[in-house]
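Colleague: Below are the features I grabbed from TrEMBL:
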type: DOMAIN; residues: B:111-322; note: domain 'Cytochrome c assembly protein'
type: DOMAIN; residues: B:344-540; note: domain 'Cytochrome c-type biogenesis protein CcmF C-terminal'
type: TRANSMEM; residues: B:12-32; note: transmembrane segment
type: TRANSMEM; residues: B:52-73; note: transmembrane segment
type: TRANSMEM; residues: B:107-125; note: transmembrane segment
type: TRANSMEM; residues: B:132-153; note: transmembrane segment
type: TRANSMEM; residues: B:235-256; note: transmembrane segment
type: TRANSMEM; residues: B:276-292; note: transmembrane segment
type: TRANSMEM; residues: B:378-396; note: transmembrane segment
type: TRANSMEM; residues: B:429-449; note: transmembrane segment
type: TRANSMEM; residues: B:461-480; note: transmembrane segment
type: TRANSMEM; residues: B:486-508; note: transmembrane segment
type: TRANSMEM; residues: B:520-538; note: transmembrane segment
type: TRANSMEM; residues: B:812-832; note: transmembrane segment
Amino acid sequence: MKKIHIFGIVVIAIAISLIVSTLGNTSSYVNFQRAKEVAEAGNNKEMHVVGQLKKNASGEVVGIKVNPDKVSFSFIMVDNDGEEQKVYYNEPMPTDFYRTEQVVVIGGFKGETFLANKILMKCPSKYQETTV
Amino acid sequence: MEETLHTGIGAVGHLSVIIAFVTALLSTFSYYKATVGSSLEKKNEWLTNARVFFYTHIVSVMTIVVALFSIIYNHYFEYHYAYSHSSRNLPTHYMISCFWEGQEGSFILWLFWNAWLGLALIFTNKKWEAPVMTVFGAVQAFIASMILGVMIFDLKIGSSPFILLRDAMVAPIFETDPNFVPEDGTGLNPLLQNIWMVIHPPTLFLGYAAGLIPFAYCIAGLWQNKFKEWIRPALPWMIFATAILGLGIIMGAYWAYETLNFGGYWNWDPVENAVYIPWLIMVGAIHTMIVFKKSETALKTSIILVLSSFILILYSTFLTRSGVLGNASVHSFTDLGLSGQLLLYMMFFVIVSVALCIVKWKKIPTSDYEVSNYSREFWIFIGVTTLSLMSFQVLIPTSIPVWNAFLGFFGIESNLAAPADQIGFYTKYQLWFSIAVAILSGTGQFFYWKKMTKDQLVKDLAIPIVISLLISAIIIVSTVMNNMSYILLVTASVYSIVSNSKVLFSILKNSSIKLSGGSISHIGIAMMLIGILFSSGYSEVISLNNTGMLIFDDAPDDTMNKENVLLWINKPRKMGEYTLRYRGTFAEIEGAPGYVLKSDLDLTDDPFKVIAKKDIKFNKKTYFKKGDTLRTHPENTYYQVEYEGEDGEQFKLYPRAQINPSMGLLASPDIKTYATKDIYTHVSSVTDPNQEKEWSDEKEIESKIKDRFFLNDFVTVFDEMERLQFVDGVPLSQEDVAVKAKLRIFDNDRVYRAEPIFIIKDRQIGKVPAYIDDLGVRITLNKINPESGIMTFGLKTTMKDYIVMKAMSKPLINVLWIGTLVLMLGFIIAMYRRFQEYNKLEKS
């Protein structure tokens, strides 16, 4: 076997292991129930959950609690299956949080609370104006 | 009815797009004919045609640029592009940014660079003109088709930047008045209002455009069976493209560092990855092309790398523009319905490249020579493999959304998401690859310049290894480094700097500086690695909130550090070795060097104009007088934070925030730069000025002149009363009375003045309250008792002004920036040498 062949095999092996380990490191989009199951199974892998803020009958956002030192807050989020869940975030509340149409929280369950490490928001007309 | 819309310029623009598209196709066809023609005479005829078409193409591209720019520059808001990307108050240099903020404009930018690069090729390389320009023409036709904006039956081809607002939007106003033109545009995304955003996209696109040149040469070489000859003219362009793209990437990183508040310069966002992936392959291609020139090996590898680098550029365009990343990235473009067209564009060149390779593969010469362990070919080959794997590692996770979309196409639902901690995930792999790159770039240079044997190698490497181990040991011990991978990276980078410096000195001593490009670039890369390692690996949040107090009783994790601090106005707060004081909100004023306290300015009806309440001075020079009308940028608010170190050092930082009605709080940091570190500060939350204030119930306070009393928590001195002749410029009659109470309010080390007014005019009582926004107080003068001399003040309070801020320290970040300059210097020297080499060869 020529050296170049051994080299080729090594490179392919590295490439395959890169793919495999990437798949092992990916997160997934799940609902709260699934995220809870994962956490209860002792896996602290981070999950993406997509949903909306809880609103009352007149459309106002409810359930946001800002810590008095303003450096953390919690809110109630409803996932796409309609399940409500308290989410805690260790960062200040984003200014336009009340107006967000959709939230993606990335994190996992700690006991009964979902601890978000990152929040992605989709605000109305964030990218494109649609009215004059 | 009189025509009020400026439809002419749009028609010219749109027509030019069509001409540009058609001439690109015609020049492709003619250049193709000129390449494959049967006789020299025929070939020359077609070549003449082709040039005429390409020149026409250039003229029409320039017309497109001029047309779109004048639409933006002249504020023709009847055009959708101007309306949605620009506004009247935008300075000219940001109008340039508007030009390419939208997808269509950025395609035009790409078209523009390609046109000029094509012209440069026509003039510099007659031998290769016909086949190379065939590829150029085809690429131009594809790009021009992206902005065609025509409907063929139900198929939309391209999105035109020249459509009118009324055609782009459904709004009731156009039914009543089809000629309605909005007063102002929606403006430029404030995050893009930054000088780096003016120059960074054109640089990136020049890099993209230049990346086409080596690809075109490679295709031409395979096509014309000139398997080896294409390398020589393509190499200098490959270095040029890599240098420019690299410069663009770094500018983008610097912009992110300066303007975005994630506290870094690289976030492994898919859009950032999309430029990094092809760049690594381009760097690899430079190396194999140089190897080929020296020793006729690595030809097939060069062909594969050059072809893949351009295809990866197309792939990254697809990623960022098709909307496929919509949920994964913060700054990809929105979908304009062009993904099918982009896919077609990419697949066309993939198929052409693969087909050409398959057909010609057997004919491509290979050298039989078995590569020895002590040859430069071997080491460079390993280096290039490392670069390719590095690129591959980023490519796979970045493509996850594409993979999901692809499976969805077959009805399989895939819910894979990118790794949650992107930075941690990519760093884990890229760190080890970087160690390999540093070692290989340090060692490879020795092989490159000499014929090497085992003994020679030991002799040559001994001194650099000893020196670099010494230096690294000092760094490791003095920074108490205990992470194995960091230790290895530092050692490998120091080794690369030392060994490349040794090579550099011997080059400078023995031959010409022209040959030093390689070693200088490698030193630059190693410096960048050290800078990245320290600035991110040892980046430290210094605004830690370590009180350990459990605020929410049901908080899931009370041990977690909170990385922000709350600063009430004027109230000092310890943060590590610093004492911080937040001093209020400031505005920037045109024509003055610093920022002006907002409470020293009066607002007018025009948000861009304010009136000075007192003289505006900086460094004892008066810039504006009291009462002057000044121009400001109302979207920016600067929050002054005073830092005071334990050693008495003082400085002020002005982190910026924009409270944007549609995007919320956009925070930009302010940075204090030291030689060894940066102190990086940004606001995370502020009192929202647009929010309605909630005032407390009024409390009455009685006081006499010269008395002291408490307003809320603030000591207040009631200095005097003053009788007024005018209120709001209106003279008062004999029976009317108006008085002003003068109060001084002390908050920590700051004094505020409040002057509430009490009026009796036409037997009516009027009260003009005094507001002190910083302190959140509103004071009225409610009653005056002339007999007892007791005045009654009414006090309402709301929340005091505050900010929540985050501060980080970034050690040795300057090494990263200096390293990039060194890298660029290396690229310039290498480019100069290769262009010169090629020119000499052409002339001989």
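Every residue gets a Cβ built from N, Cα and C, even glycine.
TrEMBL labels come from automatic prediction, so no person has curated them.
Just so it is clear, the model here is predicted, and its values are computed rather than measured.
Help me see these features in their spatial surroundings.
Modeller: When Cβ-Cβ distances below 8 Å are used as the criterion, the transmembrane segment (B:12-32) is approached by residues 46-47, 49-51, 53-54, 56-57, 60-61, 63-64, 67-68, 71, 111, 129-131, 133-134, 137-138, 140-141, 144-145, 147-150, 158, 160-162 of the same chain, each at least six residues removed from its ends.
For the transmembrane segment (B:52-73), the residues of the chain that approach it from at least six positions outside its boundaries are 6, 9-10, 12-13, 16-17, 19-20, 23-24, 26-27, 30-31, 79, 81-82, 85-86, 92, 95, 98-99, 105, 108, 111-112, 115-116, 118-119, 122, 133, 137, 140, 147, 161-162, judged by C-beta separation under 8 angstroms.
Residues of the same chain lying 6 or more positions beyond the ends of the transmembrane segment (B:107-125) and with a Cβ under 8 Å from any Cβ of it are 20, 51, 54, 57-58, 61-62, 64-65, 68, 99-100, 132-133, 136, 139-140, 143-144, 146-147, 161, 201-202, 205-206, 208-210, 212-213, 233.
Long-range Cβ contacts of the transmembrane segment (B:486-508) within its own chain (Cβ-Cβ under 8 Å, at least 6 residues beyond either end) map to 431, 434-436, 438-439, 441-443, 445-446, 449, 461, 463-465, 467-469, 471-472, 475-476, 515-516, 519-520, 522-523, 525-527, 529-530, 533, 537.
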Colleague: Any residues 6+ beyond the ends of the transmembrane segment (B:235-256) with a Cβ under 8 Å from its own?
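Modeller: For the transmembrane segment (B:235-256), the far contacts come to 194, 196-197, 199-201, 203-208, 210-211, 213-214, 217, 262, 264-267, 272, 275-276, 278-279, 282-283, 285-286, 289-290, 293, 306, 817, 820, 823-824, 827-828, 830-831, 834-835, 837-838.
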